[in-house]
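*Asks:* My questions will all concern the structure given below.
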Amino acid sequence: KMRSAGRRWGRWQRVLLCGVLLAAWEVAWGQLRYSVPEEIPKGSFVGDVVKDLGLQLPALRDRGVRVVSEDKTQYFALHEKTGHLVTFKRIDREQLCGSVEHCVLRCELIVEGEMKFYEIEVEVTDINDNAPNFKEIEMEETISENTAPGSRFPLRSAHDSDFGRNSLQSYDLNGDEHFSLAVQTGPGGDQRPELVLAKALDREEAAFHELVLRASDGGDPARTGTARIRVRVLDANDNAPVFSQAEYTVRVPEDVPVGSTLVTVTATDPDEGFNGHVKYSLKTITEKALQVFHLDDETGEITLLRSLDFDKENYYELEVQARDGGSLSDIAKVAIAVTDVNDNVPEILVHSALSEISEDVPSETVVALLQVHDRDSGANGEVHCSLEGGVPFRLESSKGSYYRVVTARELDREQQSEYNVTVRAVDGGRPTLQSSTVLALRVLDVNDNAPVFEQERYSARLSENNAAGALVLSSLVVLVKDHGRPALSATATLSVVLAENVAELLAELGSAAQAEAAPGEPAGSLTRWLVLAVAAVSCLFLAFLLLLLALRLRRWRRSQQQQQLLATAGGALRGVPPTHFVGIDGVRAFLHSYSHDVSLTADSRKSHLRFSAASCCDTLPARPPPDEPAPLLGEEVPA
């Protein structure tokens, strides 16, 4: 006994170890799985994501964390203070998954600062929140009085939106002794109630029979739904309607227009009159299909009430009943398969992206994290992503539908400082659908370029016998540094050549150019430019001399005119104070700094000009007085 107990304990240890290893493997691959019941309030706890992933909550707040879902509806969120995954809204399992056995919602935890994501799966379990219900709570059956006991008449099934044990489990019938209930199991495991004639009918005895059909689910406590059945007894009808085929199958594209006729069912009855008149009805149909299809009870045409969507529902199964006037009937199955059409454009979701990047980042640096999603299926949902233009970036396929934009080579801000990276997604449909998004990226500068002189050597001409302080023959090397980290520099050489004449200067410059020229590089170009420079400087100097000579000549002519004016008006200027004669020599702008006195004698044709020392001391530097006084204006110079 002890050995067997030890073996059982060993098996439990191995099972527990496998469970732990499986959980650790899922966490290592970045995937978490949780389970919550439906209809729980908003903000309810789902799982401790931060703890299960081994992350630190304070660090995650700084790096930017959010939860995104596969579709546009947000069902979960991350609590900022606790790091728990909580519900963002009320979840209705029946609305989301319908009759799917495992209702799983998927989302991703995006860590923007680390360019990482973690997949999360949450299974929504069912609760008994829906009671079985009949589409019609009042049913009417017509049965001929000559119908043999044991005959069966299909009844309309109840519908329960819950799943598993909470779904529809059983039927029971309350009425009289003429009828009993039988339940058949359909191909999909559904229960189909049938009314069984237990005792022969007599219309003269009773023309109507009232029954109650009740449907129950398996919840705790159980929920029920009821329908009333009114059986009308008719005279004999010996032929039942028969469908042209037992099963109708049709394939329609999802973009078929609303109002189109998808299929027409046909049943015939050889009886005449009221007993041979056939009417059609939908026997078994889901709530969703009832909102999509319509059956004409007279013609048997099944038409479309609303648009189809392959991504939401791609298969429908209906049961059509044909009944004659004498209550005899036949049933046919209608299967409608919806085919996919490329009607969804690929979606590009940018979960994280940089707006600035340094030009010295290494290759393979991640600049953006993208996700591509196409709701179509098959080839229509296969998406190919690419980058447009010759940009120094490339796409890397990550896990699932995620892509990373990384640098493909080194960047150079001096060549291009900004990039508009266009990401294009194209699906595999015919015709193809595509979408694009643009990532704006600015390249930041680093100190990777040294300053550069326009030319490596600078030459100048200097004449001999200069005064003290003038430049002498020399070769000056100039070093320039910038303020970068580290500092970069460049140098240039300035050469000064002394020559007696132009011919010697040209010879010196030519020899200097030949000496500095690189091996195999002609020096004639440098000499030619130097000759042109010397010629230009010479022309400028000659023009300056001509301008100076013209100014001297103009001043001389003006002084002659002033002398003539003074000689003519000599008699009229007697007695006029000498301070009134200001600006005789043409200086008119600076009255204080350049003011002077002019005196004329009454009996002389010569003028006397006297400068005031106080008038020019503020403008010109003082000079030592000459040995002899300079001749005055208009005074003759002795030979």
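Glycine is treated like the rest: Cβ placed from N, Cα and C.
Automatic, uncurated: that is what TrEMBL annotation is.
According to TrEMBL, the record shows the following:
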SIGNAL    1-30  signal peptide
DOMAIN    69-134  domain 'Cadherin'
DOMAIN    135-243  domain 'Cadherin'
DOMAIN    244-348  domain 'Cadherin'
DOMAIN    356-453  domain 'Cadherin'
TRANSMEM  529-551  transmembrane segment
REGION    620-639  region 'Disordered'
COMPBIAS  630-639  compositional bias 'Low complexity'
*Asks:* Determine the mean pLDDT over the domain 'Cadherin' (356-453), rounding to the nearest whole number.
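*Replies:* Over the domain 'Cadherin' (356-453), the predicted model scores a mean pLDDT of 90.
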*Asks:* Could you give me the DSSP helix, strand and coil counts for the domain 'Cadherin' (69-134)?
*Replies:* 5 helix, 27 strand, 34 coil
*Asks:* Could you give the number of helix, strand and coil residues in the domain 'Cadherin' (356-453) as assigned by DSSP?
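*Replies:* DSSP classes over the domain 'Cadherin' (356-453) add up to 4 helix, 48 strand, 46 coil.
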*Asks:* DSSP-wise, what's the residue breakdown of the domain 'Cadherin' (244-348) into helix, strand and coil?
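*Replies:* In the domain 'Cadherin' (244-348), the DSSP-based counts are 10 helix, 48 strand, 47 coil.
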